[in-house]
Amino acid sequence: MWNFNTNITEHNRQIMVNKSVEVAQIEKEWARRANARFDWEKLKDSYIVRQFKKITHIGIAAMKDESKLQRLNHVMSEMEEIYSGGKVCLSTGDCHALEPGLTRLLATSRDYDLLQEVWVKWREVTGKKMKNLYSEFVELINEAHRDGGYSDTAAAWKSKYESETFEQDIEDLFIQLGPLYKQLHAFVRRKLMSVYGKDKFPTSGHIPAHLFGNMWSQQWNSLLDLLQPYDKESVDVTPAMKEQNYTALKMFQVSDEFFQSLGMLKMPKAFWEHSMIEKPKGRQVQCHASAWNFYNKKDFRVKQCTDVTMSDLITVHHEMGHIEYYLMYKDKPIVFQNGANPGFHEAVGDVLALSVSTPKHLQKINLLKNVVDDKESDINFMLSMALDKIAFLPFGYLMDQWRWSVFSGETPPSQYNEKWWQLRCKYQGISPPVMRSEDDFDPGAKYHIPANTPYIRYFVSFIIQFQFHKALCKAANQTGPLHTCDIYRSKEAGKLLSDVLKLGSSKPWEYAMEKIVGSRKMDAAPVMEYFKPLIDWLVEQNSQDESIGWEDECPMPPTGHSTQLSARFCLIGILTFLTMVIF
Ligand SMILES: *[C@@H]1O[C@H](CO)[C@@H](O)[C@H](O)[C@H]1NC(C)=O
Ligand SMILES: [Zn+2]
């Protein structure tokens, strides 16, 4: 699997598909023996029962028909290959992969037509090419999970959260935070209108999806240069990193040092020897950043095509957070070598990054020079954080709304793209820049769809990381406003976090939650507390804007500029438990 992902060839794919069938056989055999030899559900010791539960829930390995399991694995690897091989040739003549080429272009270009070309063409070379594979995949994976005793794949995924009220809880959190997102959306829309012209925006209130500096409009940090309200030293330290000749290695060292400053575990030797932290030349690789556990207590690796930017520095912390979790629970029984829930696993590195991103900390590590402590700098900083953390919420919410509805059969293949855009328009308030049809398959242009990585974990993570941050800041005796807290060098904060990571999945996540934050529930209050000053400021900035929000329905794509394109468009895991990937 590692070999395939870092060296995509037909040969390596074949090996991987065969291996995953072997692994499935082993898992199936263990589960069979556990069920045959023990009446485990009747045992008294809940720790033992919990282990049995995990041994017998084996995911897609439960598929009874082996040739179908093989086919499922094959289909998944084909979709991944399409995605990772996606290359876009622009009308200017140059061709780019997603990383680093297209990502950089989207982040830095402010040319409306060029951005639109990139946006459209990426979807042509990825999603569109896998639409048929995806509907076959849905059939197959549902059958696998039904063989495992679930009603469909969505039910299997949700079961990881061990909560009857999970979906409702998620919805409640989303509703609570909706008003924050609306304020940010209105502010960004006004700025973008002044850059690109009002005529480019539909009257429904939506923002064209290609203008956010990000392929999926999921995080908007790259727009900071357009949006930063006060003229101060930018909190985006990318230029400083370049000036100081930062390398991928240096970025990983900075992150490792932060973990160690908290008294947490340092990255082991094998990590430095075997990780792939730069994009290699001369072979196709899956660039999407991920963290790997080889379950032998020694070998842990990150795979990342690191670019020297602040946003990648944050990603480095994110991935290293996964490794830290792996290291902390490596002595637990194998079935407990997992996150308390999937959201916990995604939150670890991000929690540290909340401290790393503060101007105070960036100054400590010499990436910012003139840090002033005033209201204006505060707003600049909080806006940059909101473009990451608040902008993400509806996207994090809707990805699996779409998949749950696909897996349950509510959305059939003939409505895949329509349903996708319904959700995108409704929740994110964005719209496709050109006409879309069922010939397109826009969900497939996002890594986690072909890679079949569940996504609600990121939404959960973006909520609970602020709960964790608040708890750790308290442990670190930080008394100022939440957004200024930096837990660097606090052994107390490190211990609080470590104690929870060491549990792995041996206890239900509510238990882990209580240990760290003192309550058993997910809670949006710390996010609100963190951003309160910014939200007040945004409300004031938006007070002249009568049209905050947007209509539920998607608008028709704008005419004029893009008629030519629109017209054209009208015509026409395996072992996923091994890896943890970035959003
Ligand atoms: C990539 O895989 C092929 C086998 O398909 C192998 O011959 C080649 O040496 C591998 N390249 C690297 C750099 O590992
Ligand atoms: Zn991750």
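Using the three backbone atoms N, Cα and C, a Cβ is placed for every residue, glycine included.
As written in TrEMBL, here are the features:
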- Glu319: active site, proton acceptor 2 (ACT_SITE)
- Glu319: active site, proton acceptor 1 (ACT_SITE)
- His448: active site, proton donor 1 (ACT_SITE)
- His448: active site, proton donor 2 (ACT_SITE)
- Tyr161, Arg457: chloride binding site (BINDING)
- His318, His322, Glu346: Zn(2+) 1 binding site (BINDING)
- His318, His322, Glu346: Zn(2+) 2 binding site (BINDING)
- Cys89-Cys95: disulfide bond (DISULFID)
- Cys287-Cys305: disulfide bond (DISULFID)
- Cys473-Cys485: disulfide bond (DISULFID)
- Asn7: N-linked glycosylation site (CARBOHYD)
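Here the features listed in TrEMBL are placed on the structure.
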{"residue": "Asn7", "record": "N-linked glycosylation site", "contacts (Cβ under 8 Å, 6+ apart)": "Arg283, Gln284, Val285"}
{"residue": "Cys89", "record": "disulfide bond", "contacts (Cβ under 8 Å, 6+ apart)": "Cys95, Lys121"}
{"residue": "Tyr161", "record": "chloride binding site", "contacts (Cβ under 8 Å, 6+ apart)": "Asn341, Pro342, Val460, Trp509"}
{"residue": "Cys305", "record": "disulfide bond", "contacts (Cβ under 8 Å, 6+ apart)": "Glu99, Pro100, Glu278, Lys279, Val285, Cys287, Ala289"}
{"residue": "Arg457", "record": "chloride binding site", "contacts (Cβ under 8 Å, 6+ apart)": "Asn341, Pro342, Gly343, His345, Glu346"}
{"residue": "Cys473", "record": "disulfide bond", "contacts (Cβ under 8 Å, 6+ apart)": "Leu482, Cys485, Ile487, Ala493"}
Recorded positions whose CB lies under 6 angstroms from ligand 1, from Asn7, Glu319, Arg457 = Asn7
Among recorded positions Asn7, Cys89, Cys287, Cys305, Glu346, Cys485, close to ligand 2 by Cβ (under 6 Å) are Glu346
With H, G and I counted as helix, E and B as strand and the rest as coil, say where DSSP puts Cys89 (disulfide bond).
-> strand
Across the recorded positions (His318, His322, His448), the Cβ with the fewest other Cβ atoms inside 10 Å is that of His448
Rounded Cα separation (Å) that holds between His322 (Zn(2+) 1 binding site) and His448 (active site, proton donor 1) = 17
Take the C-alpha atoms of His448 (active site, proton donor 1) and His318 (Zn(2+) 1 binding site) and report the distance between them in angstrom, rounded.
-> 17
Which of these disulfide-bonded residues has the least crowded Cβ, counting other Cβ atoms within 10 Å: Cys95, Cys287, Cys485?
-> Cys95
